[in-house]
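TrEMBL annotations:
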SIGNAL    B:1-16  signal peptide
TRANSMEM  B:51-71  transmembrane segment
TRANSMEM  B:83-100  transmembrane segment
TRANSMEM  B:112-131  transmembrane segment
TRANSMEM  B:143-159  transmembrane segment
TRANSMEM  B:165-181  transmembrane segment
REGION    B:222-296  region 'Disordered'
COMPBIAS  B:227-236  compositional bias 'Polar residues'
COMPBIAS  B:237-250  compositional bias 'Low complexity'
COMPBIAS  B:258-273  compositional bias 'Polar residues'
TRANSMEM  B:328-348  transmembrane segment
TRANSMEM  B:354-373  transmembrane segment
Amino acid sequence: MNLERLPNEEKLSLCRKYYLGGFAFLPFLWLVNVVWFFREAFVKPAYTEQLQIKTYVKRSALGLLLWVAVLTTWITIFQHFRAEWGEVGDYLSFTIPLGIP
Amino acid sequence: MLFVPVTLCMVVVVATIKSVSFYTQNDGQRLIYTPFPEDTDTVAQRALNSILNATIMITVIIVMTLVLVLLYKYRCYKVIQGWLFLSSLLLLFFFSYIYLKEVFKTYNVAMDYFTLAVIIWNFGVVGMMCIHWKGPLRLQQAYLIMISALMALVFIKYLPEWTAWLILAVISVYDLLAVLCPKGPLRILVETAQERNEPIFPALIYSSTMVWLVNMADTDRPKRNSTEAASPQQETQQAVASPAPSSPSQDDGGFTPSWVSQQEHQLGPLQTTEETRREIQQLPSARPPVEDDDEERGVKLGLGDFIFYSMLVGKASAAASGDWNTTLACFVAILIGLCLTLLLLAIFKKALPALPISIFFGLVFYFATDNLVRPFMDKLALHQFYI
């Protein structure tokens, strides 16, 4: 999908759909949104829809940062305390490493 | 330009085979398409079993190809699209789940269900969006490469040795016949699509450029007045030649019998678009010249080709006693074959099967290297004789 060839309204619509889609627990979608539309929003010379695209990209970036923070915290906690939690830790684990914890 | 994706796919497959032992373990499980075991007492029995397995597999593939062509001919597009959608769903979620599980086990990493759910969910949904709807080109290509690698890994795991090599050989022959013979199902498919001025296939086609999708979006707009009719017409015709890479038909690895062969036959011979594109561009010059010639010269390769190339190299690295020598030899052989195929494509300007030449070279190199070169190198190393 080449963004160059799309008219501006469609770019806006696509950006918006990616932004809204990200609310379904899809931080990856927000990442794609940011990376893909970054140029459109900040580098290109201004056009009518650019302001809205900028807002969407900024909000996607914000949401992404939030998700990264939450995930990092949770992963750190889990990896650190997994062995100590005993049964609960095992229950939460998808794969359990073998050997000395 | 097709070398990079093919190489990437093969690298992913070989890297996984080398590191994750799951894909080389023989659990005794087999696909239902290959019911005859290969760990038999006599060599003759084994040969017979593998021939039977290969025959069953090829028959299934042929039947599925015919079903597909019939569905396409009688315009049952919904059925085809639904099928592809479901199979890509399976591949993106289920197989990647298994893959991740095995990778985590191999590296002895703890993973909790929550993070795993987030990862798989994101990977799957964004994959579905990129492949079936709209997404950045690079990401779409990356996803297609990843699912090809996943499929190839499934094949490597579940197909016994001799069966796999036989299947590779037979499917290249079938590919040759299906695409080049006048009555071949794939040729019929291509020609029907051309007649109807439609994109060839909502199937697994890897394309190196994505101009087509945009052009096809243009054709959805309502018809304008006659002066503008010329350009949408031109765009439609250009759009015909490039099937949008849509959902790769997935194969469920034989756990449920339905779609394996469909995927295979779909994937195998699809290198048609270059041809149709060229043909259309050679239509009467009344049409205005194309705007971005560079972009439209993207080459397309069916995902089945990716899968079988990777499967060959993967099997070579898994099974060969010569290890890296053999793997590299097969890798080079396949790339050379791909080169030749592209050359032939440029010469003949028509749909060509991508499998035969590469697979043939690959097989020759594999067996030659394994049986001739490796003992030779071993002996040389043993005697410390450098040439």
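Glycine is treated like the rest: Cβ placed from N, Cα and C.
Annotations in TrEMBL come from automatic prediction, not curation.
Remark: the transmembrane segment (B:143-159) makes no contact with the transmembrane segment (B:328-348), by the rule of 3 or more CB pairs under 8 A. When Cβ-Cβ distances under 8 Å to the transmembrane segment (B:112-131) are tallied for each of B:51-71, B:83-100, B:165-181, B:354-373, the top count falls to B:83-100. In summary, the transmembrane segment (B:51-71) lies against the transmembrane segment (B:165-181): three or more C-beta pairs, each 6 or more positions apart in sequence, are under 8 Å.
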